Amino acid sequence: MIIPNTYFDTAQITLISIGAFFFLISLVSHTVNKGKFTFISLGLTALFVFSFAALLDPFLNMWDERFHALVAKNLMNHPLLPTLYDDPVVNMAYDRWDKYHIWLHKQPLFLWQIALSFKIFGISEFSLRIPSLILGTILVLITYRCGKLVANDRVGYIASVLLISSIFIIELIGGWQTGEHNDVAFIVYVSLSIWSFIEYYYSKNLKWIYLIGLFSGMAILCKWLVGFLVYFGWMILKILQRKNRPWFYKDIIWSLIVTIIIALPWQIFTFIKYPEEASNAYRLNALHFTIPIDGHGGNFWYHFDKLSILYGTIAYFLILPGMFFLVKRSKDKNLIFSLLSMVIVVYLFFSFAATKMPSFTLVVIIPILVSLASFWDYLLEYFTKLLKKKTLVKLIFIVSIIAALLYRFDIEYLQEKHTFWKETNTYSRSMVFNKKVYQSLDLPNGTVIFNQKNSSRLCLGVKRKVKKT
């Protein structure tokens, strides 16, 4: 994790150093059983690490961050009219998602969040990524809580550390991975609905019914129907509990009503206000299952092959044993089966779907991380019984956590991909150069700049808008 000759700037080094400091505090707090301090310090660790992630690239990444940034910027002026080309002055067909005028290609919630961040903090690459770093921090905290509820405090802690040290999540928050802020928001809101479901299972407090519905609706307002995922797991739980009478499902019905109240108005509004664009967007969404959109395809095993990228190189060998030990050691097997059923249905659904991208299955990141952490926890329990010395086992735990963090948080990889350290990183060099050129232009008000389509080279065209008198 430490590179003597770093190419990161002072702000990045400061953020990652503070994050490391709070991680050590969280590790000590967890070791001495200080739950509240562990929770707070984990949250602060995530906040600083993900702030570092938000500063990785001092430019808008090509896919899909630049599109989302532009639509969000335009939403500042008209929140109910999402536009990509806000003023379509160029004579061309605005007939694809990457060159629409009215842009309904994605649901609007994550774009509204970015627009709000722009309003509060000003327009910049960092403010664009603030909603994602906040949501990422929330995801770490609820991962800890979920692991603690379904297993124990140590499982929750391990799962949250695995999340903080995920290079894929860091690059998703930083805008480098395709899908970036849209996927972060979607993953977190689906995860919040799953967390609320777990809280409701243990507390039976009715507020969680409405929170399940709220977060599921917000997930749909980010990336459509997989936001209903929590209801699949909930139905499986009801079946396992042999609750077949109609009134046993009234909590699901109330929650579903909340989801519909949150998600449906935007769908109705867009069909009334922008019927042609809304129809095209729905038609394109439906095609994702039958054809690989924009070349994003793969075979049936695509998402299983991506497990190592999402969860680590040895995830193939640990996830299934982790699930086994999670089920075996849990007193709430019906709940665990319902959570794992969500993993199964997500992987089956996206494996059969024609369009494939790595982050599609991350909506079940919490059950998978908790499973991995359960395997780790089982090994520590085994050593406890074998060695019969708790102090020694705690030392093994501390060393293994630090070693895993140093291995997973590949700072050399991040430096190679996001700085000028290696000459092979032509992407960052060209993007920084292009940004400087754009910022150096001194053009009159009303000038529109456009680039050459399907070219990585900087080819500027300029068109003056003439005011009608």
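In case you wondered, yes, glycine gets a Cβ from its N, Cα and C as well.
Here TrEMBL gives transmembrane segment for one range in the set 156-178, 179-201: that range is 156-178. Remark: the transmembrane segment (392-409) makes no contact with the transmembrane segment (37-56), by the rule of 3 or more CB pairs under 8 A.
With a cut-off of 8 Å between Cβ atoms, the residues of this chain six or more beyond the transmembrane segment (334-354) that come close are 150, 194, 198, 201, 226, 229-230, 232-234, 236-237, 240-241, 288-292, 297, 300-304, 323, 326-327, 360-361, 363-364, 367-368, 370-371. Sequence-distant contacts of the transmembrane segment (252-272) (same chain, six or more residues past either end, CB-CB distance under 8 Å): 80, 104, 107-108, 209-210, 212-214, 216-218, 220-221, 227-228, 231, 234-235, 238, 278-279, 281.
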